Amino acid sequence: MAARCPGIQFAVVDSDAGRIAAWNSDKLPIYEPGLEELVRSQRGQNLSFSTDVDAAVRGADLVMLAVNTPLGQHGQGLGGATDLRCVEECARAVARAARRSTIVVEKSTVPCRTGALIAKILQQHGRPGVEFHVLSNPEFLSEGTAVRDLLQPDRVIIGGQADSDDAQRALCSLYARWVPEERIVTMGLWSAELTKLASNALLAQRVSSINSISAVCEAVGADIADVSRGCGMDSRIGGQFLRASIGFGGSCFYKDIMGLVWLSESLGLHEVAEYWDQVLRMNDSQTARFVRRATQAMGGDLDGAQVAVLGFAYKAGTGDTRCTPAARVCEQLLARGARLAIYDPKVPERQIRDCLAPHEAARCSSDRRLRICSDAYKAASGARAVLVLTPWAEFGCLDWARIHGLMAQPAYAVDGHRVLDGLALEQLGFRTVSIGARSEYADC
Ligand SMILES: NC(=O)c1ccc[n+]([C@@H]2O[C@H](COP(=O)([O-])OP(=O)(O)OC[C@H]3O[C@@H](n4cnc5c(N)ncnc54)[C@H](O)[C@@H]3O)[C@@H](O)[C@H]2O)c1
């Protein structure tokens with residue numbers, strides 16, 4: 001935004017001093033293609049990073065709340081409530097600091113009607129005479145393509161209540177500096193909040209839908225790559241999000257669907273809640289089925305078996321491992337007694353160990369049950385099988401003949417994302433198992 005609005009000052013504030021120090025350093029706290037260049041070009045111009053929330057809010061006409069909204073309370077029933085404590089805390093901080101009328105924008109993904117909660121807090125804690133207008137402007141960026149998604153969004157949604165027309169216009173005019181007008185959509189506050197939850201639910205549902213078909217493919221001898229292509233060429237269906245995989249991950253899909261399920265239950269819409277809950281159950285079962293097939297291919301007994309894992313991030317193009325299905329696969333393999341050697345091009349060792357920390361092997365770097373490797377060849381050395389758990393393009397370009405030579409024989413390649421050329425690997429002597437295709441080594 002700072003790069004597209006040169007005349008406007010953007011102050012990013014966060015209570016986490018470590019993160020802010022990283023934003024002000026050469027090593028940014030997150031990896032996103034193109035982000036480093038953008039931050040370098042704007043930092044010190046119209047973009048600053050600090051922990052001084054008060055000062056930033058005091059000088060602002062518009063405040064975006066983009067804090068974390070994790071999954072909170074889990075009840076006996078379906079779904080889970082969103083933990084809104086950070087949003088509430090921010091609203092109180094904004095109310096205390098603001099000296100003039102301020103537009104407060106929900107950027108975080110929140111349950112429906114959170115806007116009313118924010119407005120109430122602002123009203124209760126704000127100074128007399130200071131007006132607030134609450135808008136919803138959900139963020140649709142996708143990790144791995146975040147910069148591109150922000151610069152060329154499919155749409156920008158801006159929701160507000162009837163008395164917020166001026167505030168909505170002000171936010172629209174900010175985006176209009178680089179987003180075509182027809183892509184900026186205004187609507188009511190609750191509709192904007194729900195659009196975000198519904199979008200994530202629909203995307204995750206597509207993943208679970210194609211994954212359910214991949215199980216049928218494996219059973220009947222069809223190939224999910226062909227079925228996906230054939231379905232996706234129908235313009236009513238479209239080809240995106242139709243790639244079979246070990247399941248979806250990331251910080252958003254799981255918690256947002258849990259939130260939608262919780263919301264539906266709380267509205268007495270039990271069938272709706274069950275419908276969306278099934279998307280999550282399908283996701284878990286896909287990961288479990290992948291582990292069963294890999295185990296069966298390796299002979300059924302993994303006790304002491306050396307397994308190479310390529311990829312740990314929840315998707316390619318990011319170092320994010322929140323809710324990564326790779327962790328679920330690794331946990332299940334460790335529980336079956338396998339020894340893992342993991343390589344991911346973007347995820348540091350500490351992060352992988354933290355994700356797997358419930359297992360004691362993750363706590364000590366000298367524990368031979370879990371090694372984190374600096375390249376794919378080291379990970380594959382001595383392994384009985386190589387498992388691809390993140391669809392990094394570089395995995396398709398590895399020297400697979402060299403990998404085959406490094407592995408124990410017979411060597412298995414188990415592809416959870418269809419990034420490998422199965423036929424070429426078979427010619428090199430690999431025994432292959434691919435998601436969504438029948439394999440003579442795994443029939444479960
Ligand atoms: N990550 C994504 O790709 C993505 C995409 C769309 C929407 N979202 C939504 O955006 C929101 C943020 O997601 P994220 O991945 O950036 O979360 P995150 O946990 O990585 O970052 C949130 C930041 O907010 C800070 N924070 C919390 N409370 C604060 C307070 N009171 N004052 C100052 N700083 C505070 C934390 O220190 C943290 O650095 C979530 O609601 C998420 O669902 C995320």
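The backbone N, Cα and C atoms fix where each Cβ goes, glycine too.
Unlike curated entries, TrEMBL annotations are predicted automatically.
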Annotated companion of Asp14, Arg19, Thr109, Glu143, Lys255, Arg322 at the NAD(+) site, TrEMBL, chosen from Thr69, Thr102, Thr287, Thr295: Thr69
From Lys27, Lys196, Lys378, the one annotated by TrEMBL with Phe140, Leu141, Ser142, Glu143, Phe241, Leu242, Arg243, Ala244, Ser245, Gly249, Lys315 for substrate: Lys196
Residue from Ser142, Lys196, Gly249, Cys252 whose C-alpha is spatially nearest that of Thr69 (NAD(+) binding site), among the recorded positions: Cys252
Local Cβ density at Cys252 (active site, nucleophile) - other Cβ atoms counted within 10 Å: 21
Residue pair Cys252 (active site, nucleophile), Asp14 (NAD(+) binding site) - Cα distance, angstrom, rounded: 20
All-chain count of other Cβ atoms within 10 Å of Lys196 (substrate binding site): 24
Those binding-site residues in Asp14, Arg19, Thr109, Glu143, Lys196, Leu242 whose CB falls under 6 A of ligand 1, listed in sequence order: Asp14, Arg19, Thr109, Glu143
